[in-house]
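Right, one structure below, let's go through it.
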């Protein structure tokens with residue numbers, strides 16, 4: 001067996017453990033019996049440890065060194081070079097963490113995730129706090145082992161958006177805020193506020209499910225290579241391109257919440273379902289970064305799903321299922337679904353204030369890791385920031401600090417990806433419109449497949465073969481530029497609010 | 001770390017891999033996307049191989065030898081002694097199989113199971129035959145490696161019912177047949193044939209589900225430690241006592257098929273849910289043999305679920321859900337559900353002819369391994385035996401040789417467990433009635449918990465701490481005796497058919 005084959009075998013085995021764990025996590029979040037959670041956490045710990053052992057083995061280190069030698073390197077094709085580079089990066093990172101620490105971290109976060117759901121249900125931050133304290137402590141230990149970049153929080157950011165820094169984000173988020181705050185003020189003082197009364201009421205859940213499935217099919221989601229389920233916190237998980245699973249959460253009193261959740265996760269799913277077959281069985285077979293992944297979920301959810309042409313086509317199918325909408329015309333419906341209004345729950349926020357939700361989490365995470373903010377103070381700081389940025393205060397921790405699953409999974413540094421996703425999405429859309437000038441006629445005709453194909457050809461197929469910055473520059477001919485998001489939002493809301 | 005701790009750690013790890021695989025198999029059978037099956041089979045292969053490596057490692061062999069030394073052995077408590085003995089038995093067995101052969105077998109059976117469903121749907125034995133040929137070939141290779149007992153098939157039997165032999169089974173099945181055949185003839189010629197017309201019709205599936213859940217709750221199934229789903233071939237899987245999952249299959253034109261399936265799998269589930277906490281995390285934490293496991297599923301399904309007192313209590317709840325039964329009295333319903341009639345599908349057979357279905361599979365399996373019967377000839381032999389034993393011939397392979405999942409999973413030697421289960425169940429019931437003389441009054445009052453508790457105390461809690469023969473002798477004061485099943489069936493049908 002050649003060096004390359006040995007390396008590919010280990011890499012494939014790691015990918016197989018990832019798939020096993022993905023099934024197990026999916027199962028935990030979609031209805032696994034409550035009492036089995038503790039033992040399941042230990043199972044996750046054992047499998048993750050084995051995967052970690054494979055990822056940090058001396059054998060792998062030696063194979064990497066051999067493949068990096070000039071003689072071998074020259075013979076590698078692009079895919080294998082990229083695979084070696086990415087594996088090297090993760091190897092150097094992982095090998096610094098002692099296996100015992102890693103296993104503790106995995107078991108802890110699995111238990112915390114299981115308990116988070118219950119704590120949120122019971123509005124019980126006190127029971128959740130000890131988990132968070134331990135997760136923060138272990139994360140800090142790992143930052144020390146990985147090595148502190150410019151700041152401690154920079155070390156975490158790099159995991160989700162390679163190369164991204166606090167300095168860059170402070171600037172990008174600063175620019176974005178400077179554009180969005182006056183826009184939000186103009187919107188608030190516009191006399192043309194959308195009607196939203198019709199969005200309240202009782203909406204049959206079976207009909208909501210059916211409509212969600214219909215829209216997913218329209219987007220080109222392959223149901224022979226995926227499924228839609230329900231969970232408290234919607235998510236997408238790509239086991240491999242032939243098995244990509246998403247979840248949503250149906251609310252009887254909200255006709256679009258589950259739908260936009262479905263479209264959002266559906267965007268993630270289209271990415272994972274359309275990765276090139278040649279990457280299957282390698283660790284390159286997933287999205288290239290969380291930011292690019294979010295660009296796809298938010299592109300489909302907002303840029304397409306919350307557009308006027310989309311509803312010009314699909315509103316009639318919604319009206320058929322919900323007769324109470326018969327008297328509401330498409331313009332009223334479209335504007336109502338794009339109301340800008342400060343709110344408590346991130347995943348239900350409008351496209352504009354959404355970015356403020358992200359800035360709050362970003363600032364809190366920086367405080368935790370760069371200023372030593374403690375878990376016990378999180379509810380207070382959370383509520384203060386919501387007051388400051390959005391002018392509203394959560395009446396309960398369930399609607400405040402406990403609303404998101406991310407921290408229970410240890411995903412500190414992830415949240416900025418959501419706003420990065422918004423920015424990437426707007427920038428990609430700018431190019432897409434230039435290259436496909438009749439895009440909105442296509443959407444109005446219910447032809448979403450050309451859009452999916454455009455994205456698949458330029459983004460999806462590559463998986464992790466190209467970095468986020470490579471993708472953005474190759475597709476749009478410039479680096480990430482927050483101006484496109486600002487411009488997109490201005491145009492959209494100038495129309496809706498007649499500014 | 002002591003020798004014992006090292007041994008327990010490896011054993012726990014094996015159990016954790018078993019749980020991971022159980023989740024993955026459960027997922028495959030309850031709706032995993034079709035296109036992901038091939039990659040999933042490889043994941044199963046990798047995890048199974050790692051589990052196999054753990055089970056056959058030199059390290060484990062050495063630890064076993066050390067624990068078996070007189071000095072160490074004397075210090076072990078009963079649980080650990082049993083764990084060492086059982087692990088030794090499996091070690092000696094597994095260590096004979098080369099890892100490559102094992103992995104091939106696992107991947108092959110996973111693929112075969114996935115394809116079986118489609119082949120059955122399409123009535124396509126030709127597409128299934130190559131899988132079966134390979135499975136038989138690999139099984140034969142393993143028999144040679146394990147060592148041939150009295151006959152080749154004996155080697156397979158011992159896996160599912162330790163100590164059971166072809167010689168014993170030939171005799172037991174012979175005795176049983178000698179009792180059952182004249183009974184079946186008496187029944188066939190009785191003028192008091194039950195009505196069954198009311199069992200046909202349209203029965204709302206949502207109401208069937210609700211009723212199945214209701215009965216499971218009555219049996220004492222813990223829904224915080226288990227769940228009920230749907231699959232083509234119903235099954236039960238105990239990940240651990242806190243996560244036990246069962247499935248059933250709802251038929252719109254049959255009011256009791258799914259229900260009796262649910263009760264059957266529910267019996268397996270009660271066993272697994274009530275294993276003692278001290279066995280959790282060890283490979284003793286499961287049923288002691290397939291025969292004893294089947295005794296519990298069939299006890300609940302038939303001895304309790306198809307009894308007159310059961311329906312005296314629960315029929316009114318069924319009538320409420322299905323108004324078309326309003327005119328059918330409980331006696332008519334009870335008798336209709338106990339009609340004895342040769343039929344094609346094992347899992348829908350009555351309690352009497354069921355044993356003939358098993359004898360057919362037993363004889364065919366013996367022919368495959370002891371006489372070299374080939375996969376291509378199975379449909380022919382199958383159909384001939386159904387003609388011979390039951391007087392009917394399957395109109396299609398889907399209703400014939402393709403009906404059961406077992407062979408696609410390589411489970412040759414398993415089928416006899418079902419009839420052994422019937423015999424154990426009748427023998428246990430005989431003792432239970434002596435010790436709980438008011439058992440039928442309890443059932444009529446809807447008090448099923450005392451029965452569950454009786455079984456949990458004598459059987460369930462022990463997991464694999466006691467062997468099948470130990471259990472039977474300790475509970476009933478004699479070895480397995482097929483006369484109890486014959487007696488039970490005679491009494492039951494003498495009443496129903498007024499013989």
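Cβ atoms here come from the backbone N, Cα and C positions, even for glycine.
The following features are taken from TrEMBL:
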type	residues	note
BINDING	A:264, A:268, A:294	Zn(2+) binding site
ACT_SITE	A:265	active site, proton donor/acceptor
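Sequence-ordered, the extra residues of this chain that approach the Zn(2+) site, with Cβ no more than 8 Å from the Cβ center of A:264, A:268, A:294, are A:236, A:265, A:267, A:293, A:296, A:297, A:298, A:300, A:301, A:421. Note: none of the recorded positions A:264, A:265, A:268, A:294 has a C-beta at a distance under 8 Å from a chain B C-beta. For residue A:264 (Zn(2+) binding site), the same-chain residues 6+ apart in sequence whose C-beta sits under 8 angstroms from its C-beta are A:234, A:297, A:298, A:300, A:301.
Its Cβ taken as reference, residue A:268 (Zn(2+) binding site) is surrounded by 24 other Cβ atoms within 10 Å in the chains shown. All protein chains considered, the CB of residue A:294 (Zn(2+) binding site) has 28 other CB atoms within 10 Å.
If you measure from the Cα atom of the residue listed as 'active site, proton donor/acceptor' to that of residue A:294 (Zn(2+) binding site), you get 9 Å.
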